Amino acid sequence: MADQTEKKYITKEDLSKHNTPGDLWIAIQGKVYDVSDWIKSHPGGEALIVNLAGQDVTDAFIAFHPGTAWHHLNSLFTGYHIGDSQVSEISRDYRRLAAEFRKLGLFEKKGHVTLYTLAFVAALFAAVLYGVLACTSVVAHQIAAAILGLLWMQSAYIGHDSGHYVIMKNKSYNKFAQLLSGNCITGISIAWWKWTHNAHHLSCNSLDYDPDVQHIPVFAVSSKFFNSMTSRFYDRKLTFDPLARFLVSYQHFTYYPVMCFGRINLFIQTFLLLFSKREFPDRALNLAGILVFWTWFPLLVSCLPSWPERFFFVLTSFTVTALQHIQFTLNHFAADVYMGPPTGNDWFEKQTAGTLDISCTSYMDWFFGGLQFQLEHHLFPRLPRCHLRKVSPVVQELCKKHNLQYRSLSWWEANVWTIRTLKKAAYQARDAANPVVKNLVWEALNTHG
């Protein structure tokens, strides 16, 4: 350490030593901050800071935080600066672009997307009630089920938007929008979503840190999962046992059927979090919201005249919603993956490597929630979705300038890429070079290759 022009300096190596619980330092624009005690108050959760501690996190901080967050840093300043800090040309361009968007007011100009979507959700809900309660036709009931699936998709976009930035008049109304669109309408806890989604954004497509690519025993996007790696997010071993090998070996066939029932997994994950010992904000409100969902949804289904109709009503609604589950996996399953924690000095590169865009005409933006521009969203998660299409050409130019991939595929192409990725891993799982004790079912199905 040395004094230069009355400033105290430390090296990046000194900073890297402060990366353990109780001793967590980060650097933002050359200044060093001690977040050891503040971490429990971090709205985005503890994991994000723990994973990036001991590093320069400027790009990630810019991506996730509004301008009002900067003044909170003053009380955390250690008095030290990074003496050997170097900013890559890519980071310079990324920060410059974020500053331009901020000057243009893009982060604040949300348009009327929220109002339109809420009105649409209300209209869809009314249509569902009419179809179930006022109609006796089986066809009408199935149409109502499909509308319910579409409703869940649109409501999820509201929950997603409100989780990234304030879409309502103030934070209190914003929290209400989160609980209503997430817990009450879709049955998925906004607390669970924030916990996993923030980690996904930070460690995009890290096999051991990103929960959105950790689907053992059902799916594996990489053969590296065959080594029974430890999930640093869930803090448990992802065991690749005979059952996992069997399921993964046929994942390119089971992908779409599993997606139709993917909602069940989200319900389970919600309950696992809500009834766990893990601390998270607003547990009571989250539980109350889930109770609302599990009151109206079973009551609605019970109004149908027979059990077969009830079964197919639920199946149809889940199948329609599966389109959204498929969309989000298309954005990442066929993209590049890596091992290890996220790092603060390659934010732009990691986001471009781990995401795929889905190209479509502008009139389909409402259907995809704007999130078909997945790369743009990952680079600027606080940018309202109404601007993602507008900034896409600028992002493409930046990728081209730095020789980074910008992949925008049609819906069909994205499906082909994803199935190809799953098929490759499936064949690798069958390979005897990855020996696992095989059960009788496995032997019977693979006797003739």
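Any Cβ shown, glycine's included, is placed from N, Cα and C.
Nobody curates TrEMBL annotations by hand; they come from automatic prediction.
The domain 'Cytochrome b5 heme-binding' annotation in TrEMBL covers 7-86. According to TrEMBL, the transmembrane segment annotation covers 113-133, 139-158, 179-195, 255-275, 287-307.
Sequence-distant contacts of the transmembrane segment (113-133) (same chain, six or more residues past either end, CB-CB distance under 8 Å): 140-141, 143-144, 147-148, 150-151, 154-155, 157-158, 161, 167-168, 177, 181, 185, 300, 303-304, 313, 366, 384-386.
Within its own chain, the transmembrane segment (287-307) has Cβ neighbours under 8 Å at 128-129, 132-133, 136, 141, 179-180, 182-187, 189-190, 270-271, 274, 313-314, counting only residues six or more beyond its boundaries. The DSSP breakdown of the domain 'Cytochrome b5 heme-binding' (7-86), given as helix, strand and coil counts, is 33 helix, 23 strand, 24 coil.
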